[in-house]
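**Student:** The structure under discussion is supplied below as structure tokens; questions concerning it will follow.
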Amino acid sequence: MRYDSLVSSVGRTPLVGLPRLSPSADVRLWAKLEQDNPTGSIKDRAALWMVQDAEKRGVLSPGAMVLEPTSGNTGISLAMVCRQRGYRLTCVMPENTSIERRQLLAMWGAEIIFSAAAGGSNEAVAVAKRLAAEHPDWVMLYQYGNPANAQAHYETTGPEILEDLPSITHFVAGLGTTGTLMGTGRYLRERVPGITVVAAEPRYGELVYGLRNIDEGFVPELYDPAVLTSRYSVGPKEALRRTRELVAEEGIFAGISTGAILHAALAQADRAVKEGKRADIAFIVCDGGWKYLSTGAYAGTLEEAEAALEGQLWA
Amino acid sequence: MAVKVRVPTILRTHTGGSKLVEGTGDTLGALFVDLDTRHEGLRGRLVSGEGAGELHRFVNVYINDEDVRFLGGLDAKLSDGDEVTILPAVAGG
């Protein structure tokens, strides 16, 4: 495939079958390989759409400072897109994120402001909102509430999956900003009657939920529960076990959040088998495992790997 | 009919510091009423509104890891041996 530039190559990722992890010929799992995007994650889609949308609205001019709260991947994608287009980028990132994410952000030229580990991304969002108020000339794209985030998936991820898998019965993805599930889920719901849309939400260690009070909680503005059929919380042990199964059985080297998604997808497959129903279950591989090697996720026993993830934002 | 309930740090002031407590009830709403008899004030942190009320916007509750908002909310059915997890809503991404 030939493209005019790197950003033109975002999307059109492969959908690959999982012959060993699929329970039967009637109940099949399909992995959407988002690590094939330019910076190695699904967030390239949202980053590109949010920047293009801001350009169309006329809020971004050459040399502008873009600001974004991010636990990593969105920042990395934005850093690549912003550098290509001549914008500067400041990311607010929780300090309990992997070293590779910081290195990648710095490599693509982003400034990083760290927020406290306790409270996880909630704290990053709060810090970014304060900075935005102090610097009215900065442009916060705000992935949690920017409709262009979900729109990227409505216009690309959804159509790509349906084109490759017209017989789809289930779509399973991770729940962070909710952009992937809202955009892809809406597109599929409009075209596939009865489709099951499932969210897999990472369950972190206690530190991440260390809010001072419940009212500091956060629900992304993009979130509409009506798009979902069900939503599961997946802890680090299951996520790690499935991440390792995916590489051992199918050769797919994915990040840890993908393990959580696969766990939820396999539960749907199990249910279909028990009910004697046909199922084609598509799930998202958010990114490759490279950025998480330093966490110890892929080495040693599962217990050691789980202990190493305690307090980390692993998705 | 015993159900195990995982309590987040932020609500352990109501459970004497315990992260795991037990309760009973056919539904999630009934479980919270039962818990409140031993852990005073806990229900008020989880449920807002008059009467039966509804789950607080920034509280997520899971029965065996499934979000109760897709199982009927406070009317979600409980069975013996179920595990309930309470977590404050946090951002991802």
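The backbone N, Cα and C atoms fix where each Cβ goes, and this holds for glycine too.
Summarising the annotation, TrEMBL assigns pyridoxal 5'-phosphate binding site to A:Asn73, A:Gly176, A:Thr177, A:Thr178, A:Gly179, A:Thr180, A:Ser257. Taken from TrEMBL, the feature domain 'Tryptophan synthase beta chain-like PALP' covers A:9-287. For A:Lys43, the entry in TrEMBL reads N6-(pyridoxal phosphate)lysine.
If you look at the structure here, what lies around each of the features I listed?
**Tutor:** Non-local neighbourhood of A:Ser257 (pyridoxal 5'-phosphate binding site): A:Gly174, A:Gly176, A:Pro202, A:Ala239, A:Cys286, A:Asp287, A:Trp314, A:Ala315, each in the same chain, at least six residues away, with C-beta under 8 Å from its C-beta.
Neighbour density for A:Lys43 (N6-(pyridoxal phosphate)lysine): within 10 A of its CB lie 30 other CB atoms from the protein chains shown.
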**Student:** Measure from the CA atom of A:Lys43 (N6-(pyridoxal phosphate)lysine) to the CA atom of A:Thr180 (pyridoxal 5'-phosphate binding site) and give the result in Å, rounded to a whole number.
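**Tutor:** It is 9 Å, counting Cα to Cα.
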**Student:** Given the model, what does the mean pLDDT over the domain 'Tryptophan synthase beta chain-like PALP' (A:9-287) come out as?
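**Tutor:** The average pLDDT of the model in the domain 'Tryptophan synthase beta chain-like PALP' (A:9-287) works out to 95.
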**Student:** Measuring Cα to Cα, how many angstrom lie between A:Gly179 (pyridoxal 5'-phosphate binding site) and A:Lys43 (N6-(pyridoxal phosphate)lysine)?
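**Tutor:** That comes out at 10 Å between the alpha carbons.
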**Student:** Quick one: pull the CA-CA distance for A:Asn73 (pyridoxal 5'-phosphate binding site) versus A:Lys43 (N6-(pyridoxal phosphate)lysine), whole Å only.
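**Tutor:** If we compare the Cα positions of A:Asn73 (pyridoxal 5'-phosphate binding site) and A:Lys43 (N6-(pyridoxal phosphate)lysine), the gap is 6 Å.
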